[in-house]
Every structure is written in C-alpha cells, then in structure tokens.
Amino acid sequence: MQYQLLINGVLVDGEGERQSVYNPATGEVILEIAEASPAQIDAAVQAAVNTFAEWGQTTPKARAECLLKLADSIEQNALEFARLESQNCGKPLHCVINDEIPAIVDVFRFFAGAARCLSGLAAGEYLEGHTSMIRRDPIGVVASIAPWNYPLMMAAWKLAPALAAGNCVVIKPSEITPLTALKLAALAKDIFPPGVLNVLFGRGQTVGDVLTGHEKVRMVSLTGSIATGEHILRHTAPAIKRTHMELGGKAPVIVFDDADLDAVAQGVRTFGFYNAGQDCTAACRIYAQRGIYDALVEKLGNAVSSLKMGAPEDESTELGPLSSLAHLKRVTAAVEEAKALSHIRVITGGSQTEGKGYYFAPTLLADAKQEDAIVQREVFGPVVSITVFDDEDQVLRWGNDSRYGLASSVWTQDVGRAHRLSARLQYGCTWINTHFMLVSEMPHGGQKQSGYGKDMSLYGLEDYTLVRHIMVKH
C-alpha cells in the first residue's frame, strides 16, 4: 500500500507525527502514516515555485497530454483505486467502480480538452494607435485541501483545472481518507515534471495551516466545512491570497402537489442517501405541499426503510458507514436533538446500528419546522427531514432561509412554476424534477456561506487563471 508523500518528483516518508488511518466499516486501523514535517512542507512549496517558471510556460497541448496520461493511468488502475476508496471511506465498492471512478477519469479528460480552449475578448484597437489583447495566465503555486467524503473525486476536481491552467499544486488530502490521493501521487510521479504536483499528508493544524500560510502559495482551494473555510480565510487574509471555497450545503427539495411522488420518493432514496448522505448536495431538506404531504411521507418512509446497509464489498449494499467515529457522534447528536422535539416524528431509522463500524440507520424525520436545527444545519449523514408548506411564496422564503446556497431542486409539472422558482432560489444549482446530477461540462459551486468559485466546467478552469491586459502602442 502506497503511504509515501510526493515532493519534487520523489516519493518520501513523512518526517512528522504518525497518524492512524481507519476502516470505518470495521473501526480497525488500516495503517499508520507519518505526517509531513514543516521542512517537507516548505520543500514541496519551493519545488512547486521552482518548477512553475517552466510549467507555467508550457503549451496547453503539453499540459493536456499529461492530464490524459493521468486519466488513462487511473482508468487502468480503477479496481485498485476503488478498493482503496471503499476500504478507507466505507463506500460500497460497486458505487466507487461504477459511479465515481468513471467520473474522475472524465474530469481529467474534460480539462485536458478545456486547457486548449480558453477564450477571451477579441484583440483590437480600443484606443487609436494601440492594440489590446487579453491573456489568461496561471496564478502560480496552488495549495489544495481536499475533504474526506469524496477523496479522489475532490482531488480530481482541484487538480485537473489547476494543472490544466499551468499552475503547480501542493495538495493535502484529509488525514482521515488519504489513501487514494497517495496512490495518485505514485502514478503522477512518472507523468508530470518534478514539482508540478506535490502530495502531502497530515492534519489541518499541523500541515494544512503551514501549507496555506506559506508565503509562496498564491492561491488556496478548499472543499470543507464553513468553520474550516472561515479559519483559512482568516489565516490567509494578511497575504491577500486568492481563495476558492466550497463549504457545504443544505439542499431544499421542493415538492409541489402536481409532482410525480413515486419519482420524488425514488429520487430522495437515491440522492439523499448516496455516500451515506455525506454529500454537500444531498437531497436532505424536503418541503412538501400540504395536499400531498401525508402521501409523500408514507412513500418516503417505505423507500428509505428499504435501503440496505451492509459491508462495502457486498454488491447488494446501498448504504455504508459514516467516515469516522467522530462524525458518527456528530450525526447522532444532531438526530437526538431533533428527536427531543415533541413535534418531530421518526418515520424510520433515528439511531446508529449495533455492531462494529460507524453505521447510522437511514433516517426520515417528519413534521420538521422551518426553525428546527435539523432543517437549518447541515447534518452530513443519512438523515432527511420533511416539512409541510402551503404555497409558492412561502416555500420560496423557506427555501432561501438558509446560510447555505449550494444546490436545490424543484419537483413540479408546471413549467412556469419551475422557471419562477429556479430564477429566485439562491443556490448555485437548481435541478427540475431530478437532483444530484453533475457533469464535467457544467459548473458546481455555491452562494452565501456555501462559498464561491466553481468546480468543473470552463468556469472552473477560469478560476485558476489571472486575467491580464496587454497593450501595444504602434
């Protein structure tokens, strides 16, 4: 198993404190890995700085070829990546193989093509006797912090656009789920020039803070919690670094009385509980119009209770464990707080399961009120609440009454209503009669405290560039 760091093109052991990496399905230690030391962090950043002078001037074609080679290598090692991700995260193995690995490969291939298609305003004489042109140049050294819910996927979302744009990257995966990023480092070592991509390991307080605060780091990209985002923004503010933040969500799922309730129930069963609900776009905050509320509660209860929990390697498993014991405790506390409210009905689930591993039963909580914490706060687990509403104006207010602004969905057969709501919902994405659908060509990113900046799409590529104006007098 690959456990070494990648610094300046060389795989090396960490020199810092050793940290245990767990299998959440069993609670057992997989292995221990030594963190990067401050000297190693500095060496990784300095390697990126030194290489940037050359890598930043390479042609888009050359960078694209490297990304395509990495995509091919991931595809060729798909089963090994999937097994590592499943073991380290508790994800059902078949979900990683069939859903995540193909999407990861596609992200690298998309940005390989996008690198060769950056656009800008037409050059011209906007001032007589002077010709102006626009350049999109790489920023420099990017520090990327990836989360624990989709370790390899989020690494791909960060690495592909940054490298395609000509930046050099130092990435730190979560200390909870580092195995696939470290495996990726071993493949990248033989594809990219030394220093272009560096992979570290360690906790936020010991490695992340040193990395993001390094004076030579020009940009910080984070996918994580609001608290982590706020910490990094405060930490990097004195240096005025470029930042790119995706900080979670609490997606409203608005169901009108003309919606296809079977489709809604099946959709929430899939989109609310994929990856054990550990997804910032999860369909977790349901609003149902009064006329269909009881019927939808019944259908959702039947759908959610039919989800099969089990071992990640079992092909029939739909729901795996949560990622860590600490997170299991957070989810349990959130549900217990909701259950203590007299108006909340537990339709199914509501507690962790017996036995080994960090499993929490798929949970549906009915009759939640707008002000309830279960409606307002991100639980990030297999927990869905449902709230009754009366009319379009009310549900629009409630849908937008959130500090989050990442994703939302509207379920209705009324095209006009769908357009009205999608235009007014304060979310980076609104799906109509579906949820959770992501493609490399379209942007993913939020508003409000869900952060700013886009992943995927040409907009994501542009986020890792500097717009510059060149004027020539003649």
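From the backbone N, Cα and C atoms, a Cβ is placed for every residue, glycine too.
Proximity of GLU246 (active site) to non-local residues of its own chain (separation of 6 or more, Cβ distance below 8 Å) is seen for LEU222, THR223, GLY224, CYS280, LEU406, HIS444, GLY445, GLY446, SER450, GLY451, GLY453, ASP455, given in sequence order. DSSP classifies GLU246 (active site) as strand under the three-state reduction. The active site feature in Swiss-Prot is assigned to GLU246.
Summarising the environment of CYS280 (active site, nucleophile), the number of other Cβ atoms within 10 Å of its Cβ, over all protein chains shown, is 26. CYS280 (active site, nucleophile) falls outside any helix or strand according to DSSP and counts as coil. Swiss-Prot lists CYS280 with the feature active site, nucleophile, giving sequence analysis as the kind of evidence.
Positions annotated as NAD(+) binding site by Swiss-Prot, on the basis of sequence analysis: ALA146, PRO147, TRP148, LYS172, PRO173, SER174, GLU175, ASP209, SER225, ILE226, ALA227, THR228, CYS280.
In this entry, ALA146, PRO147, TRP148, LYS172, PRO173, SER174, GLU175, ASP209, SER225, ILE226, ALA227, THR228, CYS280 make up the residues listed for NAD(+), with the farthest two CA atoms of the set 23 Å from each other. Secondary structure at ALA227 (NAD(+) binding site), as computed by DSSP, is helix.
Of all the binding-site residues listed (ALA146, ALA227), ALA146 sits in the most crowded Cβ setting, with the most other Cβ atoms within 10 Å. Neighbour counts of Cβ atoms within 10 Å were compared across the binding-site residues TRP148, PRO173, GLU175, SER225; the minimum falls on SER225.
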